[in-house]
Amino acid sequence: MSFSIHPLLDNGLTKGDPNKAGGKLYCHCQGSARVEVTLASNTAHNHACGCSKCWKPKGALFSIVGVVPSDKVSVTAHEDKLHIVDSSAVIQRYACKECGVHLYGRIEVDHAFKGLDFVNTELSEETGWQEPQFAAFVSSIIEQGFDPEKMGDIRQRFRSLGLETYDCLSPPLMDLIATHTAKKSSAAKSK
Ligand SMILES: N[C@@H](CCC(=O)N[C@@H](CSCO)C(=O)NCC(=O)O)C(=O)O
Ligand SMILES: [Zn+2]
Ligand SMILES: [Zn+2]
């Protein structure tokens, strides 16, 4: 194997526990210096994301990121160490200033996913989190330097894991975004 999709997928996919109700995430700082985030929910729509904005562990081509309701996310230690990576992005990603790990991403603007936070459950010491459901923004890895000739190998690897690949989000999520856009434009027209 000449590339790592992500450590959680490189040796196969482990199914999560549908009854898991949350847990804690930690940044990569040491011991009591760790930023701690408590989730009161499992994730939904967990997926591999090849975009340049999502946090990836060192050496991995993809992030694994899912969503939880924003009111189920609380920073329970060292909130002072968090900063917003790019305040112009739709998803405001809160990262640790020291180790660079993203603890959560929140949407403040009018958007189909407002009210949902993006989180990486690999930052937890626990198991049972929802397993990835699909791969998104797969072609985006080319923008970060991946050889376009090897994209067939990447897509084949996902397929062998039972994951569909997309170059944006999955069809149900794209439908939600389009529905939101349609509602906004019909509301604007009726004004
Ligand atoms: N080719 C670009 C794509 C970036 C992108 O649009 N990312 C998506 C998915 S992130 C989680 O699935 C997105 O919604 N971004 C909004 C944001 O990041 O604010 C690239 O690679 O950068
Ligand atoms: Zn840290
Ligand atoms: Zn992404």
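Glycine residues also receive a Cβ, built from the backbone N, Cα and C atoms like all the rest.
Database features (TrEMBL):
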| type | residues | note |
| --- | --- | --- |
| BINDING | CYS27, CYS29, CYS96, CYS99 | Zn(2+) 1 binding site |
| BINDING | CYS49, CYS51, CYS54 | Zn(2+) 2 binding site |
| DOMAIN | 20-167 | domain 'CENP-V/GFA' |
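TrEMBL feature annotations superimposed on the structure.
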{"residue": "CYS27", "record": "Zn(2+) 1 binding site", "Cβ within 10 Å": "24"}
{"residue": "CYS29", "record": "Zn(2+) 1 binding site", "Cβ within 10 Å": "16"}
{"residue": "CYS49", "record": "Zn(2+) 2 binding site", "Cβ within 10 Å": "27"}
{"residue": "CYS51", "record": "Zn(2+) 2 binding site", "Cβ within 10 Å": "19"}
{"residue": "CYS54", "record": "Zn(2+) 2 binding site", "Cβ within 10 Å": "22"}
{"residue": "CYS96", "record": "Zn(2+) 1 binding site", "Cβ within 10 Å": "20"}
{"residue": "CYS99", "record": "Zn(2+) 1 binding site", "Cβ within 10 Å": "15"}
CYS49 (Zn(2+) 2 binding site) and CYS96 (Zn(2+) 1 binding site), Cα-Cα, nearest whole angstrom: 20
Alpha-carbon spacing, CYS51 (Zn(2+) 2 binding site) to CYS99 (Zn(2+) 1 binding site), which is rounded to whole Å: 20
Cα-to-Cα gap, CYS49 (Zn(2+) 2 binding site) vs CYS27 (Zn(2+) 1 binding site), nearest whole Å: 19
Filtered binding-site residues, from CYS29, CYS49, CYS51, CYS54, CYS96, whose Cβ is under 6 Å from an atom of ligand 2: CYS29, CYS96
Mean of pLDDT values spanning the domain 'CENP-V/GFA' (20-167): 98
CYS29 (Zn(2+) 1 binding site) in three-state DSSP notation: coil
Distance [Cα-Cα, Å, rounded] between CYS54 (Zn(2+) 2 binding site) and CYS99 (Zn(2+) 1 binding site): 15
Close-lying binding-site residues around ligand 3 among CYS49, CYS51, CYS54, CYS99, where CB distance stays under 6 Å: CYS49, CYS51, CYS54
